[in-house]
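What TrEMBL says about this one:
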- 5-152: domain 'Malic enzyme N-terminal' (DOMAIN)
- 47, 302, 346: (S)-malate binding site (BINDING)
- 137, 138, 161: divalent metal cation binding site (BINDING)
- 162-415: domain 'Malic enzyme NAD-binding' (DOMAIN)
């Protein structure tokens, strides 16, 4: 408990850059008392969890994420900097709230928004150097993908909603294959939801599939199908799709809903990132179970009320055959005399260890192979005892050990890719990761 209390008090203070600060961001950054910053988590508050646009009231997200960086990944609290960019809000309730403390105007967009973000990114790099990890958190889809593409080659950047979610889900799938058999390429994937999480997960699965089979990634994408609010994403819709959905527009007739898509595609893996509860209906679960002995069903939307189905529904409707995990915690379910324990595909498995690996190796860029390395390390932590309970993720009680192994694997990949700047490379990266992890040690004055 002492660790969590210390973490929360240490990173509770944060910086908020108001739109009116433009032209002075570097000056404000220089007022922060800590000079050695290793990880920054930044949000503009436009897409907070399932709550939507909270404006400056999204500030709890960077604080909370960095608390986990320290508690779970061992990054020093003093090396963490939470930042909120207040560029206004489109939330009418907040705009009309006399007690709202943020900028009382509609969101800045277009070139003005891009210039403001560019000033921020340039100031961070100038003040803290190449090796500070900047994690984008809870930006809206249209900005999240653009920021990652724009700064991925010039800064050390990471988007947990896109890349962290993808990495933890891929780890669960790799582990699940030990239960259901086959390789990634031998399975067919159907997503409900085609936003940051859905397309990010799909792309990382395709990358790993491509790496394993030596097949072009375009071919691997054809094993992965996405359903959005207008139905199955197919080639006839390509002109009207957002750019991040276009790689998933395959040749197929129009299909208007999830149940019809399941029956048409016959997936072995069903993944929910829709943000809408109870969309994996009994008919959907029974359909995928009818042509799979052990269907893999991942209901990933948060919070619990927005999960595509509950653990009890998944196990009951699949007659206890589903390999099931969620984004929210669910209690174990007893079905036909057997207790099934649902796993939780929580990003907290990945991003703290990933951040530690980046920091301890002195990496200057994030490469997709480093995300794959994090997935591999997490999947390797699942034991036979876990599998016997139906789990595809290890117990969270071992998170510090898990984070050390993830950090070591990420750092190893950074060295292999020539992206690590800390020399010489430690001989035992797991032990080195553990030695780098912050733990509070209090003097005994009695």
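One is the number of the first residue shown, and numbering goes on along the chain from there.
Yeah, the Cβs are placed from backbone N, Cα and C, and that goes for glycine too.
Automatic prediction, not curation, is the source of TrEMBL annotations.
With respect to residue 137 (divalent metal cation binding site), the closest of these binding-site residues in Cα terms is 47, chosen from 47, 302, 346. Here the CA atom of residue 47 ((S)-malate binding site) lies 10 Å from the CA atom of residue 161 (divalent metal cation binding site).
Residue 346 ((S)-malate binding site) sits 15 Å from residue 138 (divalent metal cation binding site), counting Cα to Cα. On the backbone, the CA of residue 47 ((S)-malate binding site) and the CA of residue 138 (divalent metal cation binding site) stand 5 Å apart. Each of the binding-site residues 138, 161 was scored by the number of other CB atoms within 10 A of its CB, and the lowest score belongs to 161.
Around residue 346 ((S)-malate binding site), a 10 Å sphere centred on its CB holds 22 further CB atoms from the protein chains shown. In this view, residue 302 ((S)-malate binding site) is surrounded by 16 other Cβ atoms within 10 Å of its Cβ, with every protein chain counted. On the 0 to 100 pLDDT scale, the domain 'Malic enzyme NAD-binding' (162-415) averages 96 in this prediction. Figure note: comparing Cβ neighbours within 10 Å for the binding-site residues 47, 137, the maximum is reached by 137.
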